[in-house]
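Q: Relevant sequence annotations retrieved from TrEMBL are reproduced here:
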type	residues	note
REGION	18-53	region 'Disordered'
DOMAIN	246-522	domain 'SAM-dependent MTase RsmB/NOP-type'
BINDING	Cys338, Ala339, Ala340, Pro341, Gly342, Gly343, Lys344, Asp362, Asp390, Asp408	S-adenosyl-L-methionine binding site
ACT_SITE	Cys461	active site, nucleophile
Amino acid sequence: MAQLLSFRVYLSAETQKASSESFKRTQKTRKPFSPDRRGPVAPSRKPQNLNLEVSPHRAVSAVRLMRIEYGGAFADLLNEKGKGSGSNEMSYVERTIGFRTRDLDDRDLRLVTDVVGGTIRWRRYLDHLIGSLCHNERTFRNMEPLLLQILRIGVYEIIKRDMPPYAVVDENVRLAKVSLRPGAGDFVNGILRKLVSLKEKDALPLPKVEGDDRAQARALATLHSHPVWMVRRWAKYLGLDEATKLMTWNNNDPGFSLRANTGRGITRSDLVERLNSLKVPHELSLHLEEFVRIKTGLQIVVQAGLLKEGICSVQDESAGLIVSVVKPQPGERIMDACAAPGGKTLFMASCLKGQGMIYAMDVNEGRLRILGETAKSHQVDGLITTIHSDLRVFAETNEVQYDKVLLDAPCSGLGVLSKRADLRWNRKLEDMVELTKLQDELLDSASKLVKHGGVLIYSTCSIDPEENEGRVEAFLERHPEFSIDPVTSFVPSSFVTSQGFFLSNPVKHSLDGAFAARLVRA
């Protein structure tokens, strides 16, 4: 488990997971739609032999999409072999559709990653097209989950991947017939062939961006596949053009950054040498000397064991720049108040040069345990002390104070939607009120742990002003003993806002969105 943390570094935003109970409720409330039904919707099957007729990547993708939407699985969680759901993948496939496919090769794995991520990102857009091609809205609303996933995959491959259309039709029809029943395959055939015809005529039934603000937001939400509330919120804060650019960024294939583990003496040159030997294309970070950017080849890096061996971590440069804002110095005692999954903790520890201590606190004991194990592989475990506690409770019961306190607060994650394909559908407008309330409480608690003359660093992986500047302004009104310390001397000027805060803009900087403020206690 320890080696997984290095890949989970960028998953800092919390997601609202659907429980297995929600899948059961969905099955009960969604009336099964069965075109030309020749059998029960969810027939109980005995395990069948290996099925070599069905496309493996489509079968696995359909099942993984079911698990993500109804079972709370993370869309982007890979195991050390890069197989997403680990060694149990095929058992999930067999339990869901009644048979196993052949094992996935590297090409299949890449296709599954693309199809699953793309289908999730474009879900609203795909559903609009599917619904438009159904006989009526009720047909779409009552469609059984597996049939809907198969259709989404087919529409995504035809519209967004430009795969040979009739091959896509045939393969998805076969999957529907074998996993459901012949009538389901006929239905898929009718929908997808109609779609191909409309695409060839350049006559896809898409909404036009016109009318009042609400109507334009709804149209843009469909065309760019985002929740309407996000589109309206971004239009309010950024303007319609910038909001559209942001959604386009979120829908692009994400790039990743690797951080050389300087804590165990690995330099960026060492990491580059390993990447060259693996023939992974890369470029050096323009902002941080420990970081390397890669657009493709992450699966190769994982399979080669670079994360497991502690050679490097997957960490976005925006997170690294937040550590630059903290500027850990040898000998300092630094509290990382919401530490898990631990990417910033590990980076800060590597900056201490063997002197000082990072106190990593989190409410999740299991994730703290993984952090501790990963610290050993990174050879910085002697510089990290884990504390299992809620920050609010700890601050009330402990008088100890620290040179610096980093509060990387739970947030909406609206800055990392390009990497977290499923997050846009798991966030609700109501979450923002609850999150800002929690952020205020955590800021008040964190401030108690800062020594006089010390620094409180507040950070998020959000681009939302209410979670960022709004929380800092409200905090300073409650705590006049703190003042803003501009980040000008800690990060490149293009990241510094007019108020002296750090802000990473996905469109402007081609990085995850992130925010940080330095607040000095008098």
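Placement of Cβ uses the backbone N, Cα and C atoms for every residue, glycine included.
Those TrEMBL annotations? Automatic predictions, nothing curated.
From a predicted model like this one, the values you see are computed outputs, not experimental measurements.
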Q: Check the domain 'SAM-dependent MTase RsmB/NOP-type' (246-522) for me and report the mean pLDDT.
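A: Mean pLDDT, the domain 'SAM-dependent MTase RsmB/NOP-type' (246-522): 96.
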Q: Go through Cys338, Gly342, Lys344, Asp390, Cys461, the listed recorded positions, and name the one with the sparsest Cβ surroundings, counting other Cβ atoms within 10 Å.
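A: Counting other Cβ atoms within 10 Å of each of the recorded positions Cys338, Gly342, Lys344, Asp390, Cys461, the minimum falls on Asp390.
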Q: Cα-Cα separation of Cys461 (active site, nucleophile) and Ala340 (S-adenosyl-L-methionine binding site), in Å?
A: 14
Q: I want to check the contact list for Ala340 (S-adenosyl-L-methionine binding site): same chain, sequence separation of six or more, C-beta distance under 8 angstroms. What comes out?
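A: Long-range Cβ contacts: Ala360, Asp362, Asn364, Arg367, Leu368, Leu371.
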Q: Roughly how wide, in whole Å, is the group Cys338, Ala339, Ala340, Pro341, Gly342, Gly343, Lys344, Asp362, Asp390, Asp408 that binds S-adenosyl-L-methionine, by largest Cα to Cα distance?
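A: Maximum Cα-Cα distance: 19 Å.
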